[in-house]
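*Asks:* Sharing a structure here in structure tokens format.
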């Protein structure tokens, strides 16, 4: 089941639990606006190249729309729609005043030079500058984009609208980016994991963790969990996988991974087939890489008691059912990985005020939001007698539905 079908399914189940009116349900699913633009740039060799840029703005009942911009050769409109919709529910669960959006450009960033990427970003910004804005739609980095991409968007947008640092988040610190943004999603994973384990009378210390993916989110989660006394027994990335039942030395692994562009060849553990990482013996499994990795083929083999979805949509609905029958507790992506968007919100707030916070304030505010978020999700689970995924979805959908009705927008 693809991301869009799964998101729609979860939305419909949540709408049913909440007893939403069918007209309202339908109007909540329809995107506010879908934008598609042609971006033609001169390449370094003088030839012209054309790319398609797009932005799906899903919902703005609770505030400006928010979501990443990805540069990727296969940009699937269905997936972008699903991710924009997911951002609407995710920002509502996190209780930050945003709606959802997602966008990008169909290109292979690896094939373009830095100056070609800059020209492409600036042309894309010229085409959509009237449709994004501090109080309209605030983009952020995603696959294939980074703080430098945001700096180009900010600069190009500011030519039309005056200096506007709050128009994008995930910026370089020197241009109004927030301290703590880099670690935010991984730190959010730590806070949500702590909250979940507390519920079961456990703490991070002494639990055995397996982490799939050692990019930004996986590596920060690993570092922060091991600092709290968690034992990380297996890690994988695109280059390979390593395990060590005594616990991997994470600082050494981080150093190795930086120097060798991957964890392959690290001598503090035994290499094994990355395909079997999800079924390694552990207490807590953290998928922090791609979507759809936990499915009906491997769900029965999973030994973890808790799964923390740091990636977007890692568990498909069939696996969900198998795992819940086995008594595995899943903390859903829509809540577990919302640390990133929460600190993006802090960045936006700091830019609007023109007053920057120190890192300690960012991290303590993040902990407050994530801990409160977990309580709110648990409250919905009690009210509707459902699992954590439906608890989070009903919480998010309910907040958006209430805002929609209060504004007089329901059909």
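Our numbering is plain: 1 for the first residue shown, then up by one each step along the chain.
Just so it is clear, glycine is given a Cβ too, placed from its N, Cα and C backbone atoms.
Feature list, courtesy of TrEMBL:
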| type | residues | note |
| --- | --- | --- |
| ACT_SITE | 102 | active site, proton donor |
| BINDING | 66, 90, 344 | substrate binding site |
| BINDING | 185, 216 | NAD(+) binding site |
| SITE | 142 | site 'Important for catalysis' |
*Asks:* Same chain, not part of 66, 90, 344: whose C-beta falls within 8 angstroms of the C-beta centre of the substrate site? Give them in sequence order.
*Replies:* 67, 87, 91, 94, 96, 98, 100, 140, 338, 340, 341, 342, 345
*Asks:* At the level of the C-alpha atoms, what whole-angstrom distance separates residue 185 (NAD(+) binding site) and residue 344 (substrate binding site)?
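*Replies:* Pair distance, Cα basis, whole Å: 10 Å.
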*Asks:* What is the interatomic distance between the Cα atoms of residue 216 (NAD(+) binding site) and residue 90 (substrate binding site), given in whole Å?
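*Replies:* Roughly 20 Å, rounded to the nearest whole number.
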*Asks:* Quick one: Cα separation, residue 344 (substrate binding site) versus residue 142 (site 'Important for catalysis'), in Å?
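*Replies:* Cα-Cα distance, residue 344 (substrate binding site) to residue 142 (site 'Important for catalysis'): 13 Å.
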*Asks:* Test of understanding: give the count of other CB atoms lying within 10 angstroms of the CB of residue 102 (active site, proton donor).
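*Replies:* Result for residue 102 (active site, proton donor): 29 other Cβ atoms within 10 Å.
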*Asks:* To the nearest whole angstrom, what is the C-alpha distance linking residue 90 (substrate binding site) and residue 142 (site 'Important for catalysis')?
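*Replies:* It is 16 Å, counting Cα to Cα.
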*Asks:* At 10 angstroms around each C-beta, which of the binding-site residues 185, 216, 344 has the fewest other C-beta atoms nearby?
*Replies:* 216
*Asks:* Whole-number Å distance between the CA of residue 102 (active site, proton donor) and the CA of residue 66 (substrate binding site)?
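*Replies:* For residue 102 (active site, proton donor) versus residue 66 (substrate binding site), the Cα atoms are 7 Å apart.
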*Asks:* Measure from the Cβ of residue 90 (substrate binding site) and count the other Cβ atoms within 10 Å, all protein chains considered.
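*Replies:* Around residue 90 (substrate binding site), other Cβ atoms within 10 Å: 27.
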*Asks:* Would you count the other C-beta atoms found within 10 angstroms of the C-beta of residue 142 (site 'Important for catalysis') for me?
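*Replies:* Around the Cβ of residue 142 (site 'Important for catalysis'), 19 other Cβ atoms lie within 10 Å.
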*Asks:* Quick one: pull the CA-CA distance for residue 142 (site 'Important for catalysis') versus residue 66 (substrate binding site), whole Å only.
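*Replies:* Cα to Cα, residue 142 (site 'Important for catalysis') and residue 66 (substrate binding site) are separated by 12 Å.
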*Asks:* Can you tell me how many other Cβ atoms are located within 10 Å of the Cβ belonging to residue 66 (substrate binding site)?
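*Replies:* A 10 Å sphere around the Cβ of residue 66 (substrate binding site) contains 29 other Cβ atoms.
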